[in-house]
Each structure stands twice: as structure tokens, then as C-alpha cells.
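Undergrad: Below is one structure. I have some questions about it.
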Amino acid sequence: MEETSLRRRREDEKSTHSTELKTTSLQKEVGLLSGICIIVGTIIGSGIFISPKSVLANTESVGPCLIIWAACGILATLGALCFAELGTMITKSGGEYPYLMEAFGPIPAYLFSWTSLIVMKPSSFAIICLSFSEYVCAAFYSGCKPPAVVVKLLAAAAILFITTVNALSVRLGSYVQNVFTAAKMVIVAIIIISGLVFLAQGNVKNFQNSFEGTQTSVGAISLAFYNGLWAYDGWNQLNYITEELRNPYRNLPMAIVIGIPLVTVCYILMNIAYFTVMTPTELLQSQAVAVTFGDRVLYPASWVVPLFVAFSTIGAANGTCFTAGRLIYVAGREGHMLKVLSYISVKRLTPAPALIFYGIIAIIYIIPGDINSLVNYFSFAAWLFYGMTILGLVVMRFTRKDLERPIKVPLFIPIIVILVSLFLILAPIISEPAWEYLYCVLFILSGLIFYFLFVYYKFGWAQRISRPVTKHLQMLMEVVPPEKDPE
């Protein structure tokens, strides 16, 4: 059998080079520092450098703008603490997927994987790489817009590079993440220190009467939260690689408690720094807030800002790829995707098929280029699944009392997150109804067709098609099923 011969070949190679033989499964290569870097590196992408104006546009004053940024950080921390309980109770990779499976059964878990793998994850990956490409191209096309084909080709190259790095080695992917996280923290520190210097010099005009003209409508507040929480997106990413964390019972909660508050403090201080240099009107008119800040504060070294923003975006893309590949891997292992997507590289011990699949889908999303609106309308779906997952935590407090809980958050924390999730789901639909929200719901529910056709009933003709495809891909990529499932 093919997988047996592949395993035997690997064992022969290992016996020649080393006395230690690792099982063909995901290895625990991610420590506390790498875990913190994954959280910080995935959350801090391009958003805080480019579009803090979105929060200001909906609050219309400085004071509430800063409060929204702080509140979003607190909400992300509360949500992550709930995920810490889930992640130490159910130590499987895949983020929300195994938790929904355990709490509500296979159908909600499948709909989450269907929506995430086809739209949410790869389109976000594509957008981050397009943002990276635009910043790099801007350095070579000064004063004019770079050709769309150049931007798309460079974005595709970035996707190929990141996918290759993560398919080659878990340790290499972690190392790249650590390097880019360090690089983005440099520019964060430069902006914060510059802002504090200006603040100490008495540039506090924009903070006087900071609540004047505040927008108080429910719709505007919900949109401000949406934009703020978009910049915090990634707070749950460490739960996607729980099986690869060393000592997850300690490192998962510690990485969350250190990483997300660190990001929150950085975001608030960066916004304060922006307001020491720009008036609210100037900030709203800026195309890229951090670049405008750099032009005014760092000239003639203002080129540093777009360079480090590019580093920041590529780091966020790497973190997204690193974690999202594990969702595909776990979905394949549960039979909710092609089985070959759950296979492990014999030589590299990485989920190479899942990562390659993810990269291909992301490149497809680059072709149309304008996919921001798609992600905007699916962002409410993200909070639908966040809310369902944390509801599952509450449900399992009563239905699965047998599960060991190394971490147990007070019950009011998941209840708060569930209520906020419900507000974020319903508020934009009620305030500004749009057909796109209905299309999004219909797309999610369309996953039921594929579930019953290919997962529940497992028609023979589908098996006859998938079996030879799996066989040839397995031999081509030298991958085998994991030797054991996590417990």
C-alpha cells in the first residue's frame, strides 16, 4: 500500500540519520514566545496603520474613538479567555471547528468550515497579500498608481512564498513569524515614542473637548465596533494550532493574557500618537494614516513607515496561513473535506496538502482584486460563529461536566461576549438592511447541500472519484494520514 511504503521509506531515512523517530503527526514545535508572536503578529496587520479613520468616522470625536479602541481590546481579551477554556478542555487544532463539533454536532461545525475555507479565510489572506503588494509597488511607482497586473502578480508571489515556508517546516514558519512580529513592533514603537514626545511637548489640542459632536446612533456605534474589531481580528488564532503548542495548558492562556492586552495598549497609544500630529479632519482625509504620520514626523526618513507596514502585512499573512491550514487539516481528518487534506508530509511533518489547498484558493481570490466588500458582508458571519462557539462553552458547562477544565472562566464572561456578538450580528442588518446579508446567509446554508451529498450519505460515485485522486496526490506529495489522533 502506498502510505505503508512511504512510512517505511521515512523510517529508513530516519534510522540512517537519527536514533530518534518522530511519529508522522503534527509536532509540538510552538512555545510561549512563538505563541505570543502568532497572536500579536496576526492581529497587527495593516489595519492600525491604514484605517483607524473608520472608527473615527463613525464616532465623529476623539474621546469615543479611543474608548471604542479600548472596548474592542477588552472584548477581544474576554473572547480569547473563553477560547482558552475551550482550548485547554478540547486540545484539538482547528479553532472553532472542534468546539462546535463537541457542543452541537457535525452540522454547525461543517457550516463553519465550509464558510471559513471557501470564503472568509482565503479571501482575508488574499486581501492582506494585496495590501502588502500595494505598499511594495508604491516604492517603485512614486506619484502614480502601480499597474493592477503587477500588484496581483506580487501578491500571488507572496502567497506562494508564505505557503512554501509553512509547508516546509513548522519551525521555519514560527521563525518567520517571530522575525516579522519583531519588525512590526519596531515601527509600532517608533510611532508610540514619537507620539509621546509630541504629547510631552504640549500637543494636546485635539484632546480638548474630545466628546464634542459625538455620534450616538446604535448603527454608527455598531459600525465603529466592527471596524475596531476588524483590527483585532486574529485574537483566536492560537486555538487553531493547539496540537502543536508545547504545554498548551500553560502556554495557551499565558500567550493570550500577554499578547492581546499588549496589542490593546499599542493600539490606544498609536491612536493617541496620530492625534498629536493630525486633527480629526486631517486623519479622516488621510489615505494611509501611518504614512501621513511618518511624512510629518520622520521626514526625511519617512520611507521607513511603508517599508515596515509591508513587513507587518506579510507577517499577518504568514500567521493567517500558519493557523488556517490547520482548520483545513482538521476538517479533512473529520471527513468534512477531501481526506488527502488531512495528510501529513512524510519528510516535513507539516499539513502540506491543506496549506497548498489554502494557497490555491487565496490566489483565485486575487484575480478579481476587489474583494473587500465580500469580506465586509461576511464579517457578521464571523461573529455569528464566535457567538455560537462561546454559546457552546456555556452549553457544555451543563452537558459535558465530565470534561476536564484546567481553566474555567466566570460564567458572566461568556454571557457578555454572547450578548455583544448578538448585537454585532443584528445591529448593522437592522440599521442598514442589505440584500448582501441575505446572500451571505444563503451561502452558509448552501453548505448543507454538500454536507448531505458528500459527508452524510457518502454516495458511492463520489467515493469512486475521490479515491484515485487521493491516491495520486498522496504519491505526488509524499503524504500519509497522521499515525494517531490527538486525545
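Backbone N, Cα and C atoms are what each Cβ position is placed from, and that goes for glycine too.
In case it helps, Swiss-Prot gives these features for our protein:
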- Ile43, Ile44, Gly45, Ser46, Gly47, Asp233: L-arginine binding site (BINDING)
- Ser18: phosphoserine (MOD_RES)
- 1-31: topological domain 'Cytoplasmic' (TOPO_DOM)
- 56-62: topological domain 'Extracellular' (TOPO_DOM)
- 85-110: topological domain 'Cytoplasmic' (TOPO_DOM)
- 138-147: topological domain 'Extracellular' (TOPO_DOM)
- 194-217: topological domain 'Extracellular' (TOPO_DOM)
- 239-251: topological domain 'Cytoplasmic' (TOPO_DOM)
- 275-302: topological domain 'Extracellular' (TOPO_DOM)
- 326-351: topological domain 'Cytoplasmic' (TOPO_DOM)
- 392-410: topological domain 'Cytoplasmic' (TOPO_DOM)
- 451-487: topological domain 'Cytoplasmic' (TOPO_DOM)
Undergrad: Summarise the model's confidence over the topological domain 'Cytoplasmic' (326-351) as a mean pLDDT value.
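TA: Summing pLDDT over the topological domain 'Cytoplasmic' (326-351) and dividing by its length gives 84.
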Undergrad: Checking the spread of the L-arginine site as listed (Ile43, Ile44, Gly45, Ser46, Gly47, Asp233): what is the longest Cα-Cα distance, in whole Å?
TA: 12
Undergrad: Around the L-arginine site (Ile43, Ile44, Gly45, Ser46, Gly47, Asp233), what further same-chain residues have their C-beta within 8 angstroms of the site's C-beta centre?
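TA: Nearby residues not in the site list: Thr42, Ile48, Trp230, Ala231, Tyr232, Gly234, Ser312, Ala316.
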Undergrad: What is the three-state DSSP composition of the topological domain 'Extracellular' (56-62), stated as helix, strand and coil residue counts?
TA: 5 helix, 0 strand, 2 coil
Undergrad: For Ile43 (L-arginine binding site), just count the other CB atoms lying within 10 A of its CB, please.
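TA: For Ile43 (L-arginine binding site), the count of other Cβ atoms within 10 Å is 26.
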Undergrad: Got a sec? Which of these binding-site residues, Gly45, Gly47, has the most Cβ atoms within 10 Å?
TA: Gly45
Undergrad: Please list the DSSP helix, strand and coil residue counts for the topological domain 'Cytoplasmic' (239-251).
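TA: Output for the topological domain 'Cytoplasmic' (239-251) reads 10 helix, 1 strand, 2 coil.
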Undergrad: Between Ile44, Ser46, Asp233, which of the binding-site residues has its C-beta surrounded by the fewest other C-beta atoms within 10 Å?
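TA: The binding-site residues Ile44, Ser46, Asp233 were compared, and Asp233 has the fewest Cβ atoms within 10 Å.
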Undergrad: Could you give the residue numbers and ranges of same-chain residues that sit at least 6 residues beyond the topological domain 'Cytoplasmic' (239-251) on either side and whose C-beta is under 8 angstroms from one of its C-beta atoms?
TA: 26-32, 35, 38, 83, 86-88, 91-96, 170, 322-324, 326-327, 406-407, 486
Undergrad: From the DSSP assignment alone, can you count helix, strand and coil residues within the topological domain 'Extracellular' (194-217)?
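TA: Helix, strand and coil residues of the topological domain 'Extracellular' (194-217) number 10 helix, 0 strand, 14 coil.
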Undergrad: DSSP on Asp233 (L-arginine binding site), three-state: which is it?
TA: coil
Undergrad: Look up Gly45 (L-arginine binding site) in the DSSP assignment and reduce it to helix, strand or coil.
TA: coil
Undergrad: Sort out the residues at least 6 away from either end of the topological domain 'Extracellular' (194-217), same chain, that have Cβ-Cβ distances under 8 Å to it, and list them.
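TA: For the topological domain 'Extracellular' (194-217), the nonlocal Cβ contacts are 58-64, 66, 269-270, 272-280, 293, 297-298, 431.
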Undergrad: Per DSSP, how many helix, strand and coil residues does the topological domain 'Extracellular' (138-147) have?
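TA: Final tally across the stretch: 3 helix, 0 strand, 7 coil.
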Undergrad: At a C-beta cut-off of under 8 Å, are there same-chain residues at least 6 beyond the topological domain 'Cytoplasmic' (85-110) that contact it? List them, or none.
TA: 26, 236-244, 248-249, 252-253, 323, 326-327, 329-331, 334, 336, 385-386, 388-389, 391-393, 395-396, 399-400, 403-409, 447-448, 451, 455, 486-487
